[in-house]
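What Swiss-Prot annotates here:
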MOD_RES   MET1  N-acetylmethionine
MOD_RES   SER6  phosphoserine
DOMAIN    98-132  domain 'EF-hand 1'
BINDING   ALA111, ASP114, GLU116, GLU121  Ca(2+) 1 binding site
BINDING   ASP139, ASP227  Ca(2+) 4 binding site
BINDING   ASP154, ASP156, THR158, LYS160, GLU165  Ca(2+) 2 binding site
MOD_RES   LYS181  N6-acetyllysine
DOMAIN    207-235  domain 'EF-hand 4'
DOMAIN    236-270  domain 'EF-hand 5'
Amino acid sequence: MFLVNSFLKGGGGGGGGGGLGGGLGNVLGGLISGAAGGGGGGGGGGGMGLGGGGGGGGTAMRILGGVISAISEAAAQYNPEPPPPRSHYSNIEANESEEERQFRKLFVQLAGDDMEVSATELMNILNKVVTRHPDLKTDGFGIDTCRSMVAVMDSDTTGKLGFEEFKYLWNNIKKWQGIYKRFDTDRSGTIGSNELPGAFEAAGFHLNQHIYSMIIRRYSDETGNMDFDNFISCLVRLDAMFRAFRSLDKNGTGQIQVNIQEWLQLTMYS
């Protein structure tokens, strides 16, 4: 399932040297550069709202209401596939390509004895790969961004990623990298505020101007430009929010009702 499954049940060093560093960088660098673009899908049902809780007016509630209203409009058009179920690395698929087999072999080396990738290990390998792409302007992936990525994909709340989870996340990053390059029309290495709506729609997120303004204030620099790591970080969080909503909307009504405990569990582990 997805992270919300565990919420409702009450839950809440790849950067090393040697042969692994070079080999892993080469293979994963090739994998990420293989993404030529593409976008997310649309589709989906009607609007949605958030029930539960009382409360008065005030600025905070008006802002929250606006955010939820915008998410309600957008989520109807975003229909992500759930992450694949966790499986042991030895269960090699018969139709796995040579590149995928090499990817799996290197994952085994990266993950170590527990066969899982931590946020720190994810950060190290992502930063190793992006250094091979000077056309992507980035300060590098920080630990908070990588913790968010792990939380989004962590189906059993171990705090780490198994092979299938890691591979699924990597495929998303490849897709989003292709979109990032395609919409960096001026080849500045960043996406400007005027380029952002098209990029997000290509990734499957149809948002209103109010949400775009909030995203720019949160993830872009003072000139309105968004670098690669912030672009990925933002998409990871959007993806998590929409997935969580759809998991909670079990009857497909477009509405959910959560209490404060469920809300905190949902928003704090993403």
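Each position is counted from 1, following the chain as shown.
Every residue, even glycine, has its Cβ placed from backbone N, Cα and C.
Features as recorded by Swiss-Prot, highlighted on the structure.
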| residue | record | Cβ contacts under 8 Å, 6 or more apart |
| --- | --- | --- |
| ASP114 | Ca(2+) 1 binding site | LYS160 |
| ASP139 | Ca(2+) 4 binding site | ASP227, ASP229 |
| THR158 | Ca(2+) 2 binding site | GLU116 |
Exercise for review: Report the DSSP secondary-structure composition of the domain 'EF-hand 5' (236-270) as helix, strand and coil residue counts.
Suggested key: 22 helix, 3 strand, 10 coil
Practice item. Sorry to bug you, but what's the C-alpha spacing from GLU165 (Ca(2+) 2 binding site) to GLU121 (Ca(2+) 1 binding site), rounded to the closest Å? Key: 14
Exercise for review: Tell me, roughly as an integer, the mean pLDDT over the domain 'EF-hand 4' (207-235).
Suggested key: 93
Check your understanding: Quick one, of the binding-site residues GLU116, GLU165, which Cβ has the fewest other Cβ within 10 Å?
Key -> GLU116
Practice item. Have a look around LYS181 (N6-acetyllysine) and count the other CB atoms within 10 A of its CB, chains all included. Key: 21
Check your understanding: For the recorded Ca(2+) 1 site formed by ALA111, ASP114, GLU116, GLU121, which further same-chain residues have Cβ atoms within 8 Å of the site's Cβ center?
Key -> LEU110, GLY112, MET115, VAL117, SER118, LYS160, LEU161
Exercise for review: For ASP156 (Ca(2+) 2 binding site) and LYS181 (N6-acetyllysine), determine the Cα separation and express it in whole Å.
Suggested key: 33
Study note, to complete from the structure: CA pair LYS181 (N6-acetyllysine) / GLU165 (Ca(2+) 2 binding site), Å rounded to integer, equals 25
Review point. Do you know offhand how many angstrom separate ASP154 (Ca(2+) 2 binding site) and ALA111 (Ca(2+) 1 binding site) by C-alpha?
Key: 15
Exercise for review: Just name the most isolated of the binding-site residues GLU121, ASP154, ASP156, ASP227, going by other Cβ atoms within 10 Å of its Cβ.
Suggested key: ASP156
